[in-house]
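Undergrad: Structure provided below as structure tokens; questions to follow.
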Amino acid sequence: SRAYSLVDSSQVSTFLISILLIVYGSFRSLNMDFENQDKEKDNSSTAGSFNGNSTNNSIQTIDSTQALFLPIGASVSLLVMFFFFDSVQVVFTICTAVLATIAFAFLLLPMCQYLTRPCSPQNKISFGCCGRFTAAELLSFSLSVMLVLIWVLTGHWLLMDALAMGLCVAMIAFVRLPSLKVSCLLLSGLLIYDVFWVFFSAYIFNSNVMVKVATQPADNPLDVLSRKLHLGPNVGRDVPRLSLPGKLVFPSSTGSHFSMLGIGDIVMPGLLLCFVLRYDNYKKQANSDSCSAPGPGNISGRMQKVSYFHCTLIGYFVGLLTATVASRIHRAAQPALLYLVPFTLLPLLTMAYLKGDLRRMWSEPFHSKSSSSRFLEV
């Protein structure tokens, strides 16, 4: 009963949603790789040449330098939000709403493509300088704008969660980790960043910087606009302050508290999960092409069948469970990456060493391939 009391319905919801977001974002990312391969094949067949290094310009690959400086940039942003939140809150809210609109439209796009396929062709509609869009893209964007407007008017936590989910999936799908070395640099740096700002910032700034920034609500842009334009006391004054979609929150069954998980604690391990999923698919294609048995002879066949994706996903779940239990025991906010990084990286490194893939995964494991298998058994 003591163990059960440490995890309630809000934590269970957090577990399930975060794992679903990581899995869905990873497979969206893998599907984008397949689509890019198909486009490269089409371009090579029409142009008569193939450039194996061409990639989608919308995809951002993190290199070693960016991995090292990302925690520093995140720390600077955190301090700006801590000291100057009142000055930048409206601008930050508007920028977050715009990004959340685009990200949630990306999240809804597959559903809208399925709904519009029977009744409309996939021809793109031109909007002049704005670009060309399919009916599914216009529908997903319209639904996303509607959701953001309702969130601004109501400030409901469920709508904020929906926008945060879109941000998580979009970041996992459009950002790449090219190697295990970059993954270790990034996650280790963010672990130090998370631990410092949760555990030690209070000794320097007399306040827990991470918790204050994450939980501080922002003024509603409609309220600010009504005051700036002097529209009267009854115009725009009833809208609530907004809790920004930088986290997932779920109420407990009793409604006495909310369980909170920052989207960084989903996205950063999610990038590692995306990397190992791509490597599993790459290795499967390489083994099918070479028709040879993978791995050294002292590794059992059962070990060879366990994918890196499954291993890392289980580690993520165990790490998230450990972070939740620690939070309930100590009755204080915990840096989730303190538990998530070791529980995901250490099993991955151990399995890669046992399978003989550690050297290949450590530095630039992928290279251009002509094959594009669309199926991966998970």
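Cβ coordinates come from backbone N, Cα and C, glycine included.
Residues or ranges marked as transmembrane segment in TrEMBL: 12-31, 67-85, 91-112, 133-152, 158-177, 184-205, 258-277, 308-330, 336-354.
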Undergrad: At an 8 Å Cβ cut-off, counting only pairs 6 or more apart in sequence, do the transmembrane segment (184-205) and the transmembrane segment (336-354) clear the bar of 3 or more pairs?
TA: yes
Undergrad: Hey, which of 12-31, 133-152, 258-277, 336-354 has the most Cβ-Cβ pairs under 8 Å against the transmembrane segment (158-177)?
TA: 258-277
Undergrad: Need a quick answer: max count of Cβ pairs under 8 Å to the transmembrane segment (91-112), which of 12-31, 67-85, 133-152, 258-277 is it?
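TA: It is 133-152 that shares the most Cβ pairs under 8 Å with the transmembrane segment (91-112).
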Undergrad: Three or more CB pairs closer than 8 Å, sequence separation of 6 or more: does that hold for the transmembrane segment (12-31) against the transmembrane segment (336-354)?
TA: no
Undergrad: Given a Cβ distance threshold of under 8 angstroms, which distant residues of the chain, six or more beyond its ends, lie next to the transmembrane segment (308-330)?
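TA: Beyond its ends, the transmembrane segment (308-330) has Cβ neighbours at 5-7, 11, 14-15, 18-19, 22-23, 26, 259, 261, 265, 269, 272-273, 276-277, 279-280, 336, 338-344, 346-348, 351-352, 378.
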Undergrad: For the transmembrane segment (67-85), could you work out the same-chain residues 6 or more beyond its ends whose Cβ comes under 8 Å from its Cβ atoms?
TA: 92, 182, 185-186, 189-190, 192-193, 197, 205, 207, 209-210, 212-213, 216, 218
